[in-house]
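**Student:** Pasting the feature list from TrEMBL:
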TRANSMEM  127-148  transmembrane segment
TRANSMEM  186-203  transmembrane segment
TRANSMEM  223-243  transmembrane segment
TRANSMEM  321-339  transmembrane segment
TRANSMEM  346-363  transmembrane segment
TRANSMEM  446-465  transmembrane segment
TRANSMEM  477-497  transmembrane segment
Amino acid sequence: MCAPISCVGPYVLRNIYHSTDFEVHRNWLAITHSLPVSRWYHENTSEWTLDYPPLFAWFELGLSHAARHFDPDMLLVENLNYASPSTVLFQRLSVIFTDLLFIYAARECCRCVQDQKGSRDVLNRPSFVLAVLLLWNFGLLIVDHIHFQYNGFLFGFLLLSVAKHLQRQHLQGALLFSVLLNLKHIYLYVAPAYGVYLLRSYCFTQDNKDGSVSWSSFSPLRLLALGGIVASVCALSFGPFIAMGQLPQVLSRLFPFKRGLCHAYWAPNIWALYNTLDKILATLGVRLKLLQEAGLPRASMTGGLVQEFQHSVLPSVTPSITLVCTLLSILPAVASIWFRPRGARGFLRCLLLCALGSFVFGWHVHEKAILIAILPLSILAVENREDAGIFLVLTTTGHYSLFPLLFTPAELPIKVSLMLLFTIYSFTALRKLYSGRGSLLRPLESVYLLGLVGVAFACEVAFPLSPWQQKLPFLPLLATSVYCSLGVCYSFLRLYASLLRPPGKPKQP
């Protein structure tokens, strides 16, 4: 029932606001269709140059052959910002069509969840609740079908890969993840979880009695099989560009470190808190006459949200620092599944921590990347009461942090209504699932989530009517980012506690 509705619903939304990503993907359609392969990663007529891995470029080429039947003019590279009605329709339909993979992946994930014995109420079964949480995910709906991207297609590969590992079909899971990495390299966030899990639990076939790895059980053939899968996918994706000597050019597009620590809108992570602290210290320094305002970087004091700037008081953060922080943040998680493996669900928990660790400490993180943690966490939420509580905090916080993506007044009732529907269902369904076992949320968690209502009212209603709108236009984004950072970082720590807790000692919230 959910599947067809999740496809038909976005079709109705095809003519409302869409972001610059719409033009990004239209331009990539034009590049791959109109130019030879040798020019794909050199073309720069538009500022939206091709910066996804080659497999996604091949995907765009495939879409372009269907696009020419809607409006051939959209496939001209020089037609910048082209958005005819037929182009808009094709772009929206292409997202809906590729979402079929996501629907199939959601079905496979539901098959991995055990329903309660004797439960006759279909609506209260964990598998049904999971289906709704995945197919009606608020964040995915607005990011793909209003803002515009192909995340549902990509998350289809991720969830299907996770499902295959839960079903102990490890080679299929590895193949799907290899394809995903070659479609969008942001999923490198969770690659350490895959690498360590497959090495420990697939290439080593036995454990010692104390649970440690049995080194004599190592299977070279299994390692070769995994290596062959990864190498084959990478060869199909990057092979032509390696043959043309263009690998350095492709990599320079994939990893543009000059874009700065934070995206134009600060993702709710540790660097949003760091930036805010720097602004507060700079402001206090000026007022106490400890700093000269003329000597401060202008953007850090008045611009608020730019891609690249130097911190005023605190040390500026470099890509290498964020890399070290990210690796340190995920190290205990990957070490845990090596020294104390807990099967595929232990791997899934490690995957979530790698996703959140990279989100919290990564370089130039996009706010949409929070979905890499939210969607897989849905699986654990319908199986474990403590995870359900973490899910409610993270999804409510993470989804609200996406509100600034839809910033025009026309989208305000849409995003508020959709988020309320999803949030109310999540709370209601999970409470029914764990009825009689106490509250899913701790008192302070409930207070924090209620605080989001105040933040939303201040940012979406009060601020636009205030005189501060012209003087401090970045203030609502700053407030949203900082407040949501607290919830995201808190969820990260709670997930870590659940992973590192000794087996057999569940802690009641």
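Keep in mind that glycine also has a Cβ here, set from the backbone N, Cα and C atoms.
Any TrEMBL annotation is an automated prediction that lacks curation.
Could you tell me the structural context for the features on the list?
**Tutor:** Same-chain residues lying 6+ beyond the ends of the transmembrane segment (321-339) with a Cβ under 8 Å from its Cβ atoms: 192-193, 196-197, 200-201, 212-213, 261, 270-271, 346-347, 349-350, 353-354, 357-358, 360-363, 496, 499-500.
For the transmembrane segment (346-363), the list of distant contacts is 162, 165-166, 189-194, 196-197, 201, 257, 261, 267, 269-271, 319, 322-323, 325-326, 329-330, 333-334, 336-337, 340, 369-370, 372-373, 376-377, 379-380, 488-489, 491-492, 495-496, 498-499: same-chain residues at least six beyond its ends, Cβ to Cβ under 8 Å.
For the transmembrane segment (446-465), same-chain residues at least 6 beyond its ends with a Cβ under 8 Å from one of its own Cβ atoms are 392-393, 396-397, 400, 403, 412, 416, 439, 475-476, 479-480, 483, 486-487, 490.
Panel annotation: around the transmembrane segment (477-497), residues 265-270, 272-273, 276, 304-305, 332-333, 349, 352-353, 356-357, 359-360, 370, 390, 393-394, 396-398, 400-401, 403-404, 448-449, 451-452, 455, 458-459, 507 of the same chain, lying at least six beyond its termini, place a Cβ under 8 Å from a Cβ of the stretch.
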**Student:** By a Cβ-Cβ criterion of under 8 Å, what residues six or more beyond either terminus of the transmembrane segment (127-148) are in contact with it?
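**Tutor:** Residues 2-3, 6, 9-10, 13, 16-19, 21-22, 25, 91-92, 95-96, 99, 102-103, 106-107, 109-111, 113, 115, 155, 159, 368, 370-371, 374-375, 378-379, 381-382, 395, 398-399, 402, 405-406, 411, 414-415, 418-419, 421-423, 425-426, 429-430, 433.
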